[in-house]
Amino acid sequence: MLSSVFINRPRLAIVIAIVITLAGLIAVTRIPVAQFPDIVPPQVSVTATYPGASAETVEAAIAQPIEAQVNGVDDMIYMSSTSGNNGTYTLTVTFKVGSDPNLNTVNVQNRVRLAEANLPQEVTRLGVTVKKQSSSFLQIITLLSPDSRYDELFLNNYGVINVVDRLARVPGVGQAQSFGTFNYSMRIWFNTDALTSLNLTPNDIVNAISSQNVQAAVGRLGAPPMTDQQQIQLTLTTQGRLTDAKQFENIIIRANPDGSSVRLKDVARVELAAQSYDTIGRLNGKPASVIAVYQAPGSNAVAAAEGVRNVMEQLKQSFPAGLDYKITYDTTVFVSSTIHEVIKTLLEAFVLVVVVVFIFLGNFRATLIPTLAVPVSLIGTFAVLLVLGFSANTISLFAMILAIGIVVDDAIVVVENVERVMAETGLPPKEAAKQAMQEITAPIIAITLVLLSVFVPVAFIPGITGALYAQFALTVSVAMLISAINALTLSPALCGVFLKPHQGRKKSLYGRTMDKLSSGIEKISDGYAHIVRRLVRMAFLSIVLVAGLGAGAYFLNTIVPTGFLPEEDQGLFFVQVNLPPAASQSRTAAVVSEIEADITKMAGVADVTSVTGFSFIDGLAVSNAGLMIVTLKPLEERLKDNITVFDVIAEVNRRTAAIPSAVAITMNLPPILGLGSSGGFQYQLEDQEGQSPQQLASVAQGLVMAANQNPKLSRVFTTFATDTPQLNLNIDRQKALSLGVSPNNIIQALQSTLGGYFVNNFNTLGRTWQVIIQGEQQDRKTVEDIYRINVRSSHGDMVPLRSLVSVEERLGPLYITRYNNYRSASIQGNAAPGVSSGEALAAMAQVSKTTLPSGYGYEWTGTALQELQAAGQTSMILALAVLFAYLFLVALYESWTIPVGVLLSVTAGLAGAMLALWITGLSNDIYAQIGIVVLIALASKNGILIVEFAKERREEGVPLEQAAIIGARQRFRPVMMTSFAFILGLVPLVIAVGAAAASRRAVGTSVFGGMIAASAVGIFLIPMLYVVLERVREWGHARILRKPLYEEEKQEKADGDASGPTVPPTQPEDRGLS
């Protein structure tokens, strides 16, 4: 027998355990640390610009051609795009979890290339960018000038030139990006009146710059081939691209016959300024450059953040005077706090388990064995997780906490059986260990396989939910496998070394005290056996009880709200500020500053970073929107004053509700960063029949109004609207052509004056920047300024646009969004207080069903999509777990009926779990479902050993009811030991506060309630079910095969039935528990 080798050679078992532990400790130093496994779907972004174009023009000219080609690219889940009134286009394609981001990028690039032939020339000239996108925030860094000596232009470009690229090279950083639009550009601000007086047009400026600001490659002198012996070879250089404003000022626009010339400085103001002024960054009211740092997939978040901090400290040494930086948000602070709290919970659970085991065993030496064996299993698990490419995260650590109850049971089974053999036979520890292992080796292996059959199938579920389950299931499975190895090697070896023979033990005060405690436990065991004796005589009632428990669990499952993952206090939330359509940037900035100043004074708030001119919800720059990133003080500090992120959000909502000129929308971070932009649900209303944007907006507003009247929904909103004031230019094309003016020249003149026209590039500061021409401020204020623009006809005459265009006012969309190749309106919302996210999604679906007209549909996206997919998989998960457990139990018992009893006993635990969730008001989310899977395993394990002992006695010829009583009596002590240890180990989860408290309570509550029910009800139900099903089995065997299943029962067993259990309670000193 394998265990005998290690009992005789305990140092070999100890060495194996040390090697496993060392491997785990080494892995702990190398394994990536993150809040969650790598479950954020990879994304690829496509960006393009059509300067001066409206949202509808961008959609028609860019979005539709590109999305028609990209749609259906390999591994795509969904795609969404935004076409803005500022001429920008952004498409985000989201792919399946586990797909290769690089391959995704190549596939999208190939599809976009097919669409480029259908794009406007101006768009392709500026370039269509395709790149993989990191969506998992790591940190937000702001560059600021405490003494206000630097403006936004300097701060933004200092960050772009000196900080962003350096941060992008930090190991573990996937992307570093500046939120600002103040990149350097050579801005040519021309004066329309000056151009008119000199008989020039904006196109003349464009042509002059294009011809004189060029990259020159003029060749070489003396380069081969040469017919004679050339002695020298020289490379020729000349003035190519211009590098500063003075050189651009001297560009010649027109050379006159008399030798005079018109230079750019005669008609325009030239300066090194910003490429775009669409957004303005602030930190606590002062100018700032905001840099977002994203984590690379699969990297160590904590190590990457530490690397960023180190690099910023290095860069700070070379900062000019008056420049500083601040890390205004760091996700790893929450991650580190979460990991710290979970590890603390793990240690607390372990200590409580050890205390319970000590109380039940009553022997310090015996307690020492599981105390040593359990850490080996848990620490060794890290080594396997590292090899599998997993990270140390909340899921894997939760799995270890829950695995303690399973892992400790293996060691308890060994120790308890060795103690029992020593007490009954008087054998010395080594011999007793050998005999005990002969009895339990097969059950340990079989039970391990049965439990693996519960967990392993869960690991094959696809998608994000499947990735969460896989991390959990594989962590528990690895811990169980190592625990089984320990139970066959380390635990029996330690029993042979640590335990003492029962004969001749001296009774100290401590020993006598523990004897009394053990005697009390024995009396409880006798009482339990007495109750079981009565119950098995009414075993048929177990079927009624199981039916009642099953019905109760089912009913509770229908009324307990469902969810995806609980929202947490991550120390940060967003505030989106929206002003009326067409509100100017300066007007928006004033309102943002007012709200910013108010929030900064609130209790618990540390910093407020604002980006005026940016809509976080829509993901584009708009003049009437602003974003505020509110960073809170450390959670430990806020908890002293009982302030959570939800309290601050509620206060912000209350204060901003009184602002008449704006609407403020507060958004907590989503449970998984990178999966959705905020908490709550994300919904896409789709126009599936190509109606107008105005009709889509009308339907969206009607849907939002109906949703907000539903009591299960709150703060449902959409920012999509078509009431933005716009001016529509009608070009008289016939008249223009008759005067020799090309409509294309008219459009280019308008674009150059009003929209900002990209001419070409220039080089300075080691970078390449854009050259942009645009009219001066006074030339683009009113409609009258449009009429003053001139174009040149083919005859050389100057033609004012007043004679070629007319202007009319109209209302139109500020932007247009598309989802999966349909024009769409993005709608976001939240569950009402006390309502789960699952109920909110169901309510929104019902509102959609009754409200949406024909031709309109909807799709869920972000966390809502994942939650619905998870909800659809829950039943499959439990069904797979139960099916595989049943099949392995059939193999264990060589019976098709006995395993049914073991599995039916789990209904008590399921009912208890659902009842606990209902009482506490928690949702049946992924964490709760993870706990229920563990509950199935642990409750099954208790039933397996009770039934195994009863089955062995029955096969020895003991009467059926008596065999059930003996099996229950023999396993009562270790079952209660494991159950109490596990239940007490869950207490730190159930009462958790601090980082990830909602997650810890979610995962702990279901198992806590389930194990209480399984311990209080299941231990009585299991022997009853065994009697019923074994009786059916034997009856069927006798009727079908016409012979008894077992040999003739021994008469002495039957005689003992009247006097109680065959194994009478022994005195504590006989059991060796002193």
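The backbone N, Cα and C atoms fix where each Cβ goes, glycine too.
Summarising the annotation, Swiss-Prot assigns transmembrane segment to 13-33 (among others). Away from its own ends, the transmembrane segment (13-33) comes close to residues 6, 298-303, 335-336, 339, 372-373, 375-376, 378-383, 385-386, 390-393, 482, 485-486, 489-490, 492-494 of its chain (Cβ-Cβ under 8 Å, at least six residues beyond either end).
Look at Swiss-Prot and you will find 342-362 (among others) tagged as transmembrane segment, backed by sequence analysis.
Under the heading transmembrane segment, Swiss-Prot lists 368-388 (among others). Long-range contacts of the transmembrane segment (368-388) within the same chain: residues 17, 20-21, 23-28, 30-31, 346, 350, 353-354, 357, 396, 400, 403-404, 407-408, 410-412, 414-415, 474-475, 478-480, 482-483, 486-487, 490-491, 494-495, 498, each at least 6 residues beyond the stretch ends and with a Cβ under 8 Å from a Cβ of the stretch.
Only residues 6 or more beyond the boundaries of the transmembrane segment (395-415), in the same chain, are considered here, and those with a CB under 8 A from a CB of the stretch are 36-37, 339, 342-343, 345-346, 349-350, 353, 357, 361, 366, 369-370, 373-374, 377-378, 381, 385, 436-437, 440, 443-444, 448, 451, 468, 471-473, 475-476, 479-480, 483-484, 486-487, 491-492, 495, 927, 930-931, 934, 937-938, 941, 945, 974, 977-978, 981-982, 985-986, 989, 999-1000, 1003, 1007, 1011. The transmembrane segment feature in Swiss-Prot is assigned to 395-415 (among others); the stated evidence is sequence analysis.
Annotation comment: Swiss-Prot describes 444-464 (among others) as transmembrane segment, evidence class sequence analysis. Using a Cβ-Cβ cut-off under 8 Å and counting only residues 6 or more beyond its ends in the same chain, the transmembrane segment (444-464) has close neighbours at 39, 41, 96-97, 406, 410, 413-414, 470, 472-474, 476-477, 480-481, 483-484, 487-488, 672, 675, 866, 869-870, 873, 876-877, 880-881, 883-885, 887-889, 891-892, 933, 936-937, 940-941, 944-945.
Among the features that Swiss-Prot reports, transmembrane segment is placed at 478-498 (among others). Listed by sequence, the residues of this chain that lie at least six past the ends of the transmembrane segment (478-498) yet keep a Cβ under 8 A from its Cβ atoms are 2-3, 6-7, 9-10, 12-14, 16-17, 20, 365-366, 368-370, 372-374, 376-378, 380-381, 384-385, 399-400, 403, 406-407, 410-411, 413-415, 418, 429-430, 432-434, 436-437, 441, 444-445, 448, 451-452, 455.
Look at Swiss-Prot and you will find 540-560 (among others) tagged as transmembrane segment.
Look at Swiss-Prot and you will find 876-896 (among others) tagged as transmembrane segment, backed by sequence analysis.
Taken from Swiss-Prot, the feature transmembrane segment covers 898-918 (among others).
Counting same-chain residues at least six beyond the ends of the transmembrane segment (930-950), those with a Cβ under 8 angstroms from any Cβ of the stretch are 395, 398-399, 402-403, 405-406, 409, 413, 443, 447, 450-451, 454-455, 458, 468-469, 472-473, 476, 877-878, 881-882, 885, 889, 892-893, 898, 901-903, 905-906, 908-910, 913, 963-964, 966-968, 970-971, 974-975, 978-979, 982, 1002-1007, 1010-1011, 1014, 1018-1019, 1022-1023, 1026. Annotation source Swiss-Prot lists transmembrane segment at 930-950 (among others).
A Cβ distance under 8 Å defines the sequence-distant neighbours of the transmembrane segment (975-995), meaning residues of its chain 6+ beyond its ends; these are 334, 337-338, 340-341, 344-345, 348-350, 352-353, 355-357, 360-361, 401, 404-405, 408-409, 412, 416, 568-569, 635-636, 639, 938, 942, 945-946, 1001, 1003-1005, 1007-1008, 1011-1012, 1014-1015, 1019. The transmembrane segment annotation in Swiss-Prot covers 975-995 (among others).
The transmembrane segment annotation in Swiss-Prot covers 1007-1027 (among others).
Marked as region 'Disordered' by Swiss-Prot: 1050-1074.
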